[in-house]
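Peer 1: Before anything else, here's the structure in question.
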Amino acid sequence: MFKFQTNGFSGYAVRYSPFYDNKIAVATSANYGLVGNGRLYVLSIMDDGNIITDISYDTQDGLFGVAWSETNENHVLTSSGDGCVSLFDTTLKDYPVMKFTEHQREVFSVDWSNIDKNLFCSASWDGSVKVWSPGSNRNTSLLTLRSLASREEKTGRIEKPIPVVQPSQVPMSKTRPNIRNDNNDCVYDAKFSFHDPNIIMSCNSDSHLQLWDTRLPNPLFMDFVAHNGLEALSCDFNRYRPFVVASAGVDKLAKVWDTRMIQPNVHSRPPRALNKFMGHEFAIRKLAWSPHGPTQLLTCSYDMTVRVWNDSPSPTSRVGLLDGASQPHAPPCSKIFSAHTEFVMGCDWSLWGEPGWVVTTGWDEMVYVWNTQRLQ
């Protein structure tokens, strides 16, 4: 296990470089992301296990998301609390080379397409997912996908805002007024499919998992409640099984879905997950499928642990198929990493080198690099 401390800044997101097995980008925020500045760290893992800072960038607002470019090994995207997405060139100091400023609230995730490598998407608390093309030197979005508006158009029903109790208005941003989203459709995560460049998946605060096809006049083609009405915080496509996705949320569950089994009728009962992983004591903040096989899933949680799960193809190990059991048996996780001493907010797998290497970061101002296969 290797470690690095982001002194004074809490980790929110971390990603391995798609070009190098020893390069990591970490998005951090001061004061736990509630108010204050942010900092982007670009780190290198040395042969002796030390982790050093190649370069860092201070930002005017806290950083919540990070992604590497798929076309340039020196380009890194960040998303921040002021609604801004910034593109940094690590060969240049101090300032981003491009900024994208259409979002009206915090941007919690960014993801670069690994098929159409000219595109990335961003997910925001303003209820939208936006698609961008920085390669054309264009800082306006190509497409905006609106969670609630698309659902109302699809169902023909106008949904009333869910009342949210807010005893105190703590600003998440010091550079832009904290605009309330009374529709409760804050989008936490959005990902491009690994199998189709036109497909995007997103999850939001009203528990919906949504799939979009950017070629369609109404892009929303699948929409269902994934986490029992509680906030859905993270989602990911399986790299080896085109129709299999995973989601995680405040209900403390990571769920595996086969999209071929989801009924298109939004008025039907909630769909049944292919598998459920139970074990975290608090909400799961982030999950990621392994790039080295179709079954391993990594989750990190507010319970300060990181867990590795095995989505076995055996029917007897899948909770979703055990409706006849009075006490369904939860598939045990294969590994538990408990070095973090605060909320674990971000995790990622290394694409290169020996399979099993992952990186995690959290509010304890620590970045840990460790191998899931060597963990006892």
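Glycine too: its Cβ is placed from the backbone N, Cα and C atoms.
According to Swiss-Prot:
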- 58-98: repeat 'WD 1' (REPEAT)
- 102-142: repeat 'WD 2' (REPEAT)
- 182-222: repeat 'WD 3' (REPEAT)
- 226-267: repeat 'WD 4' (REPEAT)
- 279-319: repeat 'WD 5' (REPEAT)
- 339-376: repeat 'WD 6' (REPEAT)
Peer 1: Per DSSP, what is the helix/strand/coil residue tally across the repeat 'WD 5' (279-319)?
Peer 2: 4 helix, 17 strand, 20 coil
Peer 1: For the repeat 'WD 6' (339-376), how many residues does DSSP put in helix, in strand and in coil?
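Peer 2: Its residues fall into 0 helix, 18 strand, 20 coil.
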Peer 1: Taking residues 6+ outside the repeat 'WD 2' (102-142), which of them lie with a CB under 8 Å of any CB in it?
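Peer 2: Residues 13, 18, 64-71, 77-85, 87, 148-149, 172-173, 178-179, 181, 183, 185-197, 200, 202, 204, 212, 214.
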Peer 1: Could you pull out which residues elsewhere in the chain have a CB under 8 Å from any CB of the repeat 'WD 3' (182-222), counting only those six or more residues past its ends?
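Peer 2: Contacts of the repeat 'WD 3' (182-222) (Cβ under 8 Å, skipping residues fewer than 6 from its ends): 105, 108-109, 111-116, 119, 121-129, 131, 143, 145, 147-148, 150-151, 153-154, 159, 161-164, 228-239, 242, 245, 247, 249, 257, 259, 262, 264.
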Peer 1: Please count the residues of the repeat 'WD 2' (102-142) that DSSP assigns to helix (H, G, I), strand (E, B) and coil.
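Peer 2: Summed by class, the stretch gives 3 helix, 16 strand, 22 coil.
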Peer 1: Please give the sequence-distant neighbours of the repeat 'WD 4' (226-267): residues at least 6 beyond its ends with Cβ less than 8 Å from one of its Cβ atoms.
Peer 2: 151, 154-155, 188-196, 201-209, 211, 273-278, 280-291, 293-294, 297, 299, 301, 309, 311, 320
Peer 1: Please average pLDDT over the repeat 'WD 6' (339-376) for the predicted structure.
Peer 2: 96
